[in-house]
Each structure stands twice: as structure tokens, then as C-alpha cells.
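What TrEMBL records for 7-23, 29-46, 58-80, 136-164, 199-220, 226-249, 261-281, 293-316 is transmembrane segment.
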């Protein structure tokens, strides 16, 4: 039976709605298992090398798990130490913020005509609610417990995905007919490579960006430069928006601490130069074009990922879309969608600088 074009459009829209509704309501289950699968893809090459050295698969999976835990523990320890150092200045910062707010309220009173008392009343109405210490502590404990539980689930999924990877792969291959097995095998391999290349490359870029930001912010005179450098590097996983917020945060801190215009301009210059180097040299050199997605759809999927899954959605959305594109590339009926998602041809060409740097290592 041939469907009317309008009916087909309605069915497609309904499918999209059901998919995103399912992703949203099942996020408590899907987020940990998705992180476990992605991290397993990243760790599989290491697991294979350990197995080739004679280590049992269970032990190789355990080594991969412990290595990942060590990396994240080190990152958390670094951030915690920086937050502790940063908190020493909080009393001074709070005093300066209150002074700046008081000046802003006086300015509004003079220019707009809204009295200082009316502004204070409006602020109290907007911030009214149960903000008692006990409520805040209970909320913090609840959030921390949820993060720890999800972390344990990710660790369990990671171990099981690495240990049972052959069984899972055979299951997928058994679902397809003989003539398509080779194509499906290729899709699985390429999808795994996308996750490995993107996340490992992004990790390397974060380290490089941290060094560049740290040197630049220290030179221009930003206090707690290491804290802002690490934070900006972590935020860079969110395309464009993360880099913008990474720049705004130290600028706001400089403004609060006195507002030296030279330091603010220095921060803008550091981030501007670093982003140019990152975009035109580091990203093509480290990431290449494995995640070959059009910038428009990178922004769209990042926004949708944040809406559906929050911060985890921002992190997972780009590599997952890269895998989806590989599937589309290998299914004839979906090839037009792969073309739509793909980056323009001219954006895939390497610059002369990148080609020159690569030639040094050949």
C-alpha cells in the first residue's frame, strides 16, 4: 500500500518524537551503559595488546578498568586541589562582588528611577525559597550519591563490554544475512575506530590546551590560572560554546577582582590565538577527519544531547553521531542522510601547515 507523502512525513515526525522521548525517559539507564560502551571501544586496543602478551582477557579488562579509574581520579584530585586553592580567595571575591552589585543598583536607581529598596525587595522575591543549609546539604548528598552509583555502573559495563566483546560482535553478525556480514563487520570496526580516535584525540587536545592556556593566562596576570586553564580545556569538548564559556569565566573573575582592562584584553588575546592554533593546526593534526560531520549538525546534535541527557549528552553526542553516519554510509536507503550529515569537501582538505608537520614524522 502506497502512503500519502503527508502521512509519511507525519510518521517520520512521530518516530523522531518517540525516539527522543524514549532517550529522555530512559536516560538513567542509557547514560551509564553508553559511557561504558564508549570507554570500552577506547580501551579495546589496549586490551588486545595485553592479551597478545599472554594476559587473560579478564585480567586485561581489569587493567583497562584500573587505568581509566586512575586517569579520572587524577583529574578529580587536580580539580579538587585547584578548587581548594580558589576557595581561599572566596571571602575577598564575595566582598568585591557585593560592592559591584551595590554600585550597579545605585546606577539603576539614578538612571532608571527604581529605588534601591525596591530592587532589594525584587531580589529577595526572586531568591526566596527553601535555601536552608540542611536542604542544600541534602541535595548535594543526593547528587553525589547518584554520580557515584552511575560511576560504578559505568565501571561494571566497561569490564563486561571488554570481556564479552567477541560474543556481542558475533550476535550482531548473526542478525544479518551472509552477503551483508562483511559490510556489517566493516561498520562495527569503523564505528569503534571513530570512538577511539575522537575521545583519545580530544584527551590529547585537552592536555595541549591546558598548557597553552596556563602559559598565556599566567603571562597576562590572571590569578588561579591553572584552575581556569583546566576548566577551559574540559569545556572545549562542547564545540564553540564551551570555548566561549571558558574565556568568559576568567574575564568575569578579572572584572570582579578589579577589572584591569589590560588583563581582560590579554585573556581575549590568549583564547583567540589558542583557538586559531587549535582549529587550524591541532584539530586536523590530532583528530583528523574521523568524525566527518557538518558543523551545523555538530551544533544541532550537541544542543539536542544537552536537552535530552544534560552534560553527558554533550559529551556523547558527537562520537555517537559519527557512528550513525558510518551506518548511513553503508545502507543504500540512508545514503542521502549520510551526505547531508557529512562535512563539505573543502573543509576536509588539510592545510599546508598540517601537511608540513605530518611530513616531519614520516
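Cβ atoms here come from the backbone N, Cα and C positions, even for glycine.
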The transmembrane segment (226-249) and the transmembrane segment (293-316) contact flag, 3+ Cβ pairs under 8 angstroms: yes
Criterion met for the transmembrane segment (136-164) and the transmembrane segment (29-46) (at least three Cβ pairs under 8 Å): yes
Tertiary contacts of the transmembrane segment (58-80), as residues 6+ beyond its ends and Cβ separation under 8 Å: 39, 43, 46-47, 50-51, 155, 158-159, 162-163, 227, 230-231
Cβ contacts under 8 Å made by the transmembrane segment (293-316) with residues that lie 6+ beyond its boundaries: 20, 23-24, 27, 30-31, 34-35, 38, 237-241, 322, 325, 340-344, 347
Residue numbers, six or more beyond the limits of the transmembrane segment (261-281), whose CB comes under 8 Å of its CB atoms: 205, 208-209, 212-213, 216-217, 219-222, 232, 236, 243, 246-247, 250-251, 254-255, 351, 353-354, 357
Long-range neighbours of the transmembrane segment (199-220), counting only residues six or more past its ends (CB under 8 A): 38, 42, 226, 228-230, 232-234, 236-237, 246, 250, 262-263, 266-267, 269-271, 273-274, 277-278, 282-283, 286-288, 290, 319
